[in-house]
Structure formats: structure tokens, C-alpha cells
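First comes the structure, then the notes that go with it.
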Amino acid sequence: MPENEPQHPLPGRAPKPPAAGLSAYAGAGAVTALGLFATDVGYGFLAYAGLGHGFANTGIVAAFLASVLGSLVPALVGGSGPSFGGPRPAQTLIFAALLAGLAGPGGTFDPARVAFVAMACVVQAGLIQAAFGLFDLGRIIRFTPLPVLAGFTNGVALSMMLGALAIIFSATGGQAGSGPGAVEVLSRLLVALALLLLMYRVQRRLPKLHWSLVGLAAGTLAYFAFGHWLPGLDLGEMLPAVAVATPSSGVAALDFTSAAGLDWRRDLLLALVPALSVATLNSLEALVIANQQDLVDGTRHDSRRLLLGQGLANCLCGLLGALPSAPSNSRQLVARQVGGHGRLASVAFAGTMAALLLMTPLFVAWIPKLAVAVLLLYMAGSIVDRWGRMQLRAWWRGEGNAEFQAQVRSNLAVMAVVMAVAVTVNLLAAMAAGVLLAMVLFVRHHSRSIVARVYPGDRRHSAVMRPLADMEVLRRQGGRIALVELSGPLFFGSGELLMDEVEALAGEVRHIILDFRQVGTIEASGAGAIQRIARQLGQRGITLALASITPEETRGRLIVESSVHNRLPAAVWYDDADLALEAAEDVLLAADQDAAGKPAGHGIDALHGLDAAQVAVLLEYTGRHRYGKGEALFRRGDPGDTLYLLLAGRIEIRVPLGEGGRFKRLVVLRAGAFFGEMAILRGAPRSADAIATADGSEALSLHEGDMARLHREHPDIALALMRDIGAHLSARLASVTDELRHALAGARE
């Protein structure tokens, strides 16, 4: 591993560069600034374009200052690796739309109000971003669905393209109704296409020589070359000169005398929604870039500290008159290519941008608007979402099956809606539409039935081994029990569907069990749906039980507290579905007046193949034992040399699950059940524990030696006993086979 990448990086710490590489890192930051500063000219011009030609220099100064503060402050605060910040496309367009909406009568602008609203927007965005960090909301921001994000990104790109084309074909001097003639339009188009081709070739062939700097320089040279050779050709006007390299907004530039007449509350509220949008996009870009850095550097960023640093940077940007700032992936990549790995590179980048800011009076007035417009065109093309292009290609080529194509069409439809709103209305409306679509997509995805499977009680039995007569009753009447396995989040959409499905079941059953084992999240509306289900079933005399959930845990408390009148007493909550099934079966058997589970003549149902005299002989070969609650009859690994017949009480067969006393209940045995027979038949050690779960449990035991003696002395009784054991095992196997067949079929009955 390179020495500048620690073996055990700490969260939020970037790899510390070696002392020998500090100057190289600083130089890389400076080179990055010199290569990419041209993009700030484009963003600055775009930000204040809606205010007219005279505000272009204000935007350019604000853009350079955003790069300075957006790189310096996060580097000092930390939270991730080097940060090369500055204006970003979407945020700049949102900011521009906000300022353009401040036009007064006749298209005039109040400079004091423009300065205050610009400051309010960026400062509020910084405060919101800092709040995201304080309350650790970064992970929520990243949950934006890809189709929404792709549509918004492509809407930004398309809006930038339209804005750039409007600049290219605008009238010189801004004179309405006197646009360029056909020759000028054709000339500007040819120059624009030539510059676009040049930037593309540079990006492909000379990646270290950034296309933005080449495009701006080439566009400026082309403008003056054509002006020299064809003096009458109108290629548009130049950017206004920057008289002083100080911002025209922010606290220092705010005229408090003029600002005293402003409606501060109105303007703060006006800037709040754009500020929220800017903060969300800033945070999203910062977190995505931090994740990419983590993968490359082997570090782990601190999301809270990262967003706090970005928020503080934007607060300063607003107060000092800069545009909103966020980390730039393109700057990050260029800096890495030239060796800018440490935070010192960010500081050097900020310092170089500050030096360029001071020199703006020397070069901005020499830049034609045509070159800036072409720069914006290429920037727009470079941010077109790659995933969206892949989706469009997959649809065009008909890739995948019908289900995949349906998903692709859905994704493209969402992208198209967000793009259309961005272009026809504005980016704020597009973001609102994106949020609304994200909610619709969530509801659509999760508003499916959370009923994974329904088991009728005649197909799915509890783990209790009951007398054969009782099993016959359950096979005959078990359909009055329904075990409903749920899977997925329970919220307002899935809750309503669950109510419909339970209502459909209620016409056929008397006991409904909802198994929450695979339900991870329960929302308040979904919890309320469970209370409504309980009320409706109660009115119809149907018992509702909840399994794999307790009223003390978070999910259960939501259900209990979702209604003023709780209709789910403690008796209907069960730790697992098997316990709930057992309780429902007990109620069903107790209510059955024709149950065949009445005791045989000798009172031992499992020995139905023996008469009373044979049972009396058998008892001479057995031992009789009583067990208290919690007492073990045998443990896993004990010799399997004894067969048991339960006479009274209750025994559980369990498999231990590691330490801490946890176990898995396999079978519950009641009076009349054989157990321990598999070990004695196979001659193998015990595979599970047998634990008495009721006081006064009583069992007969038949040791393998006594079994052999019974075979010698009373072969007819031994044969009848083996038939009874075989019938017992056969009934158990038939029950398990039936349950397995039903599970594999996935039937809903």
C-alpha cells in the first residue's frame, strides 16, 4: 500500500501526505485551478444572466469567490478528503431563477433587494446543510430514486443548453427586435460547432489540458480573428468589464440605507424554498463524491462533519456575496490526475482561485459572450446522466424481457416528466415534481400485498403432537384457522390491502393469525390498520392473533398506541406463529362436541393397538417417572437407549441455539405421544433436548434392554407396540409432507 494511504484510516480522516509530497500536492491544486477556472466564468455569467448584461461581472466575481470559500472552508473543517468546491449547474440555475423573478415594473431591478435575496438564499442553504449534518440526515438525502435524479440532471442540462443558445442568438447590445441576421446566425453556429468539436477532441486526446480552458481561449481568439478579417461580422458582444474584484452582494456590499425599505420577512420566505433545494443538491453531491474518495483512498468519511463544513462554507459564501458552492467531481478527477491527493491541494486551489479573482479586471472584458455560451453548451452536454442514456438505449434496442422493458419504460416516463417540468416551468418545480414522483414510486413499489402466504389450519399444524383422534378433528375442521405470513413494510398502502385480504378470509375462518416475522417496518397508518382489522373481526366473532411480535417492542407499541381503544389484549400476542397455532387448535378442539379424542378403554390413546390385558403386561417392562417444570428427560448427545410414552403433562423437544439459553422448539408433546423412538431405532445419540414444560408431567420409559426382553417373552405385544409406533411416525410424516406440499405450491386458500 502506498505510504500516503494508512493501513487503518480513521473515520473522517484523509490519508496524511508525506512531508516530501506537500509541495507537489500544493502545485497540483494550483494547476487544477489554472486549468478549470474557465468554468467559473460560465457559471457566474449564467447566475446573473436574468438580470441583464450589466450584472454579468457581479456573477463572475461571485463564482470565483464560491470556489475559494467552497474549497478552503471544508478543507479546514475536515470530514473527508480534499474538496475542490465551486458553483454547480443545478444550484446555479435555481439561484438564477430566483434572482430573475425579482424583476420590477419594466424589467428593472432593485440592487438592494437583489443583494439581500442572493445573500438570504445562500446563507439559508448553508444553515439547512449544517442542520443536515447536525441531525445526520445525509443518509436520507441519498435515497432519491435514480429515475428522479436522472430526470432532474437531464432537465438541468437541457435548461443550460437552451440558455446557452439564447445567448448565442441574442441581439448585440440587448436591443429587442433586432436580432442577428442570417449571416450572423450561420457564422455563430459554425464557430460554436467548431469550438464544441475542439473541446471534445481535447477532452479525448489531452485530458490533462482541460477542455474548458481550451474552449474559452480558442473562442476568444476566434472572435478577434473573425473581427479582424471580417470587420462587419457580428459575433455578439463581450462580457462587461470588472472594475473592482469585490462582490456586489453580501454584507459588505449591502446598502443598509436602501435595504431599510425592504420587506425582509417576505424576501427570506421567498428564498427559503430555493435554499432548501440548493442545500439538498449540495449535500447530495458532497456525499456522493466523499463515497467515491473513500473507495479510492481506503478512507471513511464523517458525514456529519462533512455536511457541517459544507454548510459553514455556504454561510460564508452568502455573507461575502458568493454563489452557492458544492464539491465538483470533475475538479476532483483533474486534481487526482495531477497528484492533488491531500487537503493542502484544496488550500492551494483556493489560493490560486483567489489570485485569479483579483485578476478578473484584467481579462474578463476580453472574453466574448459567444465563447461563454459555447462553454455552457459543452458543460451541459457533459452532465447528461449516463444511467438515463443507458435506459434510453435499452428501450430503443428492446433489451431484456417484457418485465425489464416495462421497468425501463417506467423509468423513462419519470425522467421525461421531471425534465419537462424543469424546462417548461423551472427547476424548483422540477424538484417538487421529483419529490412527488419519488413518493408515488415508493407507494407504487410497496403498495403490494404483504401477504406472502396463507396456510389453512388443516394443512399447517402446530408443533404439538396430539392424539390421532384430535389430529383427525384438525384435518376435518382445521380450515377454520388461517395462518397469514406477512412480508415487507406495513404502511398506509399495504395496510389497506391487508385489510381487504383479511376481509376476504373472514367469510371462511374463525381464527386468523398474522405472522409478523418478516415485517421489519411498521408505519403509524399501517399500525392503525391492524387495530381496524381487530375491530372488524371482533364484531364478527372471529379471533385475531398476532405472532412473532410483542406489545413491548417498537413495532408492537406502534400498533397498541395507534388507537385510543386498544382492541388487542396481551392474550392475542405470541412470540412465534407456532404458539399462536397451538392456541387456536386448542380452542377448536375444545369447541368440538364430536371429537374422537376420547380415551380408549385403557386410557392410553397411543396404545390403541393393544387391549387392556396387553397394556398391563407392557407396564411391567416400563418405568414410571414424574417431572417438574423445566426438568430435562434427556439432553442432546445423551445415549439414545430409551423410548418414552407421555401419560400426562407437556414435554417440548428443543434444539439449543448457542449460549444464553436460546433454543428452537421442534415439537410439543402432550399425553398419549411417543418420543425418543428415533434414537432407539437408529441406535444413535439424542439429537435434541426433551424438557418438561408443565409441573406433574408423567411418562413411561422403555429401555432397549427391556424392549429386547419383551420381544423374547411376549412377541405379540412387542409387535403390536411396534405397529403403534409405526402408526405414530406415519401420522407425523403425513402431516409434515402435507405442510411441505402446500408450502411449495405457494397456494392461497
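We count from 1, first residue shown onward.
Glycine is no exception: its Cβ is also placed from the backbone N, Cα and C atoms.
According to TrEMBL, the feature domain 'STAS' maps to 481-584.
Helix, strand and coil counts from DSSP across the domain 'Cyclic nucleotide-binding' (606-695) read 16 helix, 36 strand, 38 coil. Here TrEMBL flags 606-695 as domain 'Cyclic nucleotide-binding'.
Taken from TrEMBL, the feature transmembrane segment covers 20-39 (among others).
What TrEMBL lists as transmembrane segment is 59-78 (among others).
Away from its own ends, the transmembrane segment (90-108) comes close to residues 43, 46-52, 114, 117-118, 121-122, 152-153, 156, 159-160, 163, 270-271, 274, 277-278, 281-282, 323-324, 326, 426-428, 431 of its chain (Cβ-Cβ under 8 Å, at least six residues beyond either end). Look at TrEMBL and you will find 90-108 (among others) tagged as transmembrane segment.
Positions annotated as transmembrane segment by TrEMBL: 114-135 (among others).
The transmembrane segment annotation in TrEMBL covers 147-173 (among others).
The transmembrane segment annotation in TrEMBL covers 185-202 (among others).
What TrEMBL lists as transmembrane segment is 209-226 (among others).
If you look up TrEMBL, you'll see 268-290 (among others) marked as transmembrane segment.
Within its own chain, the transmembrane segment (344-364) has Cβ neighbours under 8 Å at 17, 22, 25-30, 32-34, 37, 40-41, 57, 60-61, 64-65, 67-69, 71-72, 74-75, 82-84, 86, 239-245, 331, 335, counting only residues six or more beyond its boundaries. For 344-364 (among others), the entry in TrEMBL reads transmembrane segment.
Annotation source TrEMBL lists transmembrane segment at 370-388 (among others).
Look at TrEMBL and you will find 412-443 (among others) tagged as transmembrane segment.
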Residues from the same chain, set at least six apart from the ends of the transmembrane segment (147-173), whose C-beta lies under 8 A from its own: 46, 49, 89-90, 93, 179-180, 185, 188-189, 192, 234, 236-237, 369-370, 372-374, 376-377, 379-381, 383-385, 387-388, 391, 410-412, 414-423, 427, 430-431, 434-435, 437-438, 441
The domain 'STAS' (481-584): DSSP-derived helix, strand, coil residue counts: 48 helix, 24 strand, 32 coil
Feature contact check the transmembrane segment (209-226) with the transmembrane segment (185-202), CB under 8 Å, 3 or more pairs: yes
Leading stretch by Cβ pairs under 8 Å, where the reference is the transmembrane segment (268-290) and the options are 59-78, 114-135, 209-226, 370-388, 412-443: 114-135
Considering the transmembrane segment (370-388), which listed stretch of 59-78, 114-135, 209-226, 412-443 counts the most C-beta pairs under 8 Å: 209-226
